[in-house]
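Before any comments, here is the structure.
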Amino acid sequence: MKTNTTSPQKIAILGAGAWGSTLALLAQAQGHRVQVWDRRKDLDLKEVLQGSQILISAVSMAGVRPVAEVVRQVGIPPQVILVSATKGLDPLQLLTPAQIWGAAFPNQPLVVLSGPNLSAEIRQGLPAAAVVASRDLWAAVQVQHALASERFRLYTSSDPLGVELGGILKNVIAIAVGVCDALHLGTNARAALVTRGLAEMIRVGSRLGARPETFNGLSGLGDLLATCHSPLSRNYQVGYGLGQGRPLSQVLAEIEGTAEGVYTAPVVVKIAAQHNIRVPITQEVHRLLQGQTTPTAALARLMERQLTSE
């Protein structure tokens, strides 16, 4: 059963990884004509983009800038809606994926798609929900109606930065929770990590211009809970492996796809230093990823910090 209220469209998806492939299935199920472009394969990008009404970027963070530049060189009509579905931060300019796309296409309708969306569950037909956020409400509604179904519910938001940062920042906290579970520290410790992790996300997001209340929604708390409570989460898997005492290189080699939190942590630490934001959990995750501490030492530092109000 189709629940979208838009006529069939052509949707181009950049990135053939787990998330890009899942989005393609969702769009095809709604009767749209979908073409997926993978930069590792010999596909004509111009042909993929031609006639598309919606362009979804689901490439890894490392691929966002080069792919955006290739698309800019090919060119797209001004009415094409750009959708950013990547969760990461640019390590050089400290930008979000949507900010990179926005800089490359300043006059294009731009939408952020984010939420608690584990690809494997969606591909199994299990129900899920997400948020499409944009300063252009019309664009957000177009994407909402194009992709929503009886198994994939979409909400709109006018806070694209908050929606995007929620999906980005929770990846680092998920690594911490994975470590916690590997050390068998219990439910109390896990609850404390998730709750204080959300507080860190809100501090960073609000300082950067996002609305604090956005982080209490699907793209913030919702995504945080899904990522921290599922062994399907790559970031959780990284933390669990580190908590078992395995080297990061080995853990990453055994994971399918990209654990963006590994590359997000140092960027968040840099942003926090620039803006004087307290991010103790993220700092300990960063030290652990750099091999500068052990899981037990990181825990001790978190527990022995100066006492303060919540």
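Easy rule for this one: first residue shown is 1, then count along the chain.
Cβ from N, Cα, C; glycine included.
The NADPH binding site annotation in Swiss-Prot covers Trp19, Arg39, Arg40, Lys87, Ser119, Arg234, Glu260. Here Swiss-Prot flags Lys87, Gly115, Lys170, Asp223, Ser233, Arg234, Asn235 as sn-glycerol 3-phosphate binding site. The active site, proton acceptor annotation in Swiss-Prot covers Lys170 and rests on sequence analysis.
The structure, with features from Swiss-Prot marked on it.
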residue: Trp19; record: NADPH binding site; DSSP class: helix
residue: Arg39; record: NADPH binding site; DSSP class: coil
residue: Lys87; record: NADPH binding site; DSSP class: coil
residue: Gly115; record: sn-glycerol 3-phosphate binding site; DSSP class: coil
residue: Lys170; record: sn-glycerol 3-phosphate binding site; DSSP class: helix
residue: Ser233; record: sn-glycerol 3-phosphate binding site; DSSP class: coil
residue: Glu260; record: NADPH binding site; DSSP class: helix
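In sequence order, Met61, Pro97, Ser114, Glu164, Gly167, Ile168, Asn171, Glu260 make up the list of same-chain residues 6 or more apart from Lys87 (NADPH binding site) whose Cβ falls under 8 Å from its Cβ. All protein chains considered, the CB of Ser233 (sn-glycerol 3-phosphate binding site) has 24 other CB atoms within 10 Å.
Candidate binding-site residues: Trp19, Arg39, Arg40, Arg234. Nearest to Gly115 (sn-glycerol 3-phosphate binding site) by Cα distance: Trp19. The Cα of Arg40 (NADPH binding site) lies closest to that of Asn235, out of the binding-site residues Lys170, Asp223, Asn235.
The Cα of Lys170 (sn-glycerol 3-phosphate binding site) lies closest to that of Arg234, out of the binding-site residues Arg39, Ser119, Arg234. Closest to Ser119 (NADPH binding site) by Cα-Cα distance, out of the binding-site residues Asp223, Ser233, Asn235, is Ser233. Packing around Arg40 (NADPH binding site) is summarised by its Cβ count: 7 other Cβ atoms lie within 10 angstroms of its Cβ, all protein chains included.
On its own chain, Trp19 (NADPH binding site) has Ala58, Ala85, Asn117, Ser119 as residues at least 6 apart in sequence with a Cβ closer than 8 Å to its own Cβ.
Working note on the binding-site residues Ser119, Asn235: by count of other C-beta atoms within 10 Å of each C-beta, Asn235 ranks first. A count of other CB atoms within 10 A of each Cβ picks out Asp223 as the most crowded of the binding-site residues Arg39, Gly115, Asp223, Arg234, Glu260.
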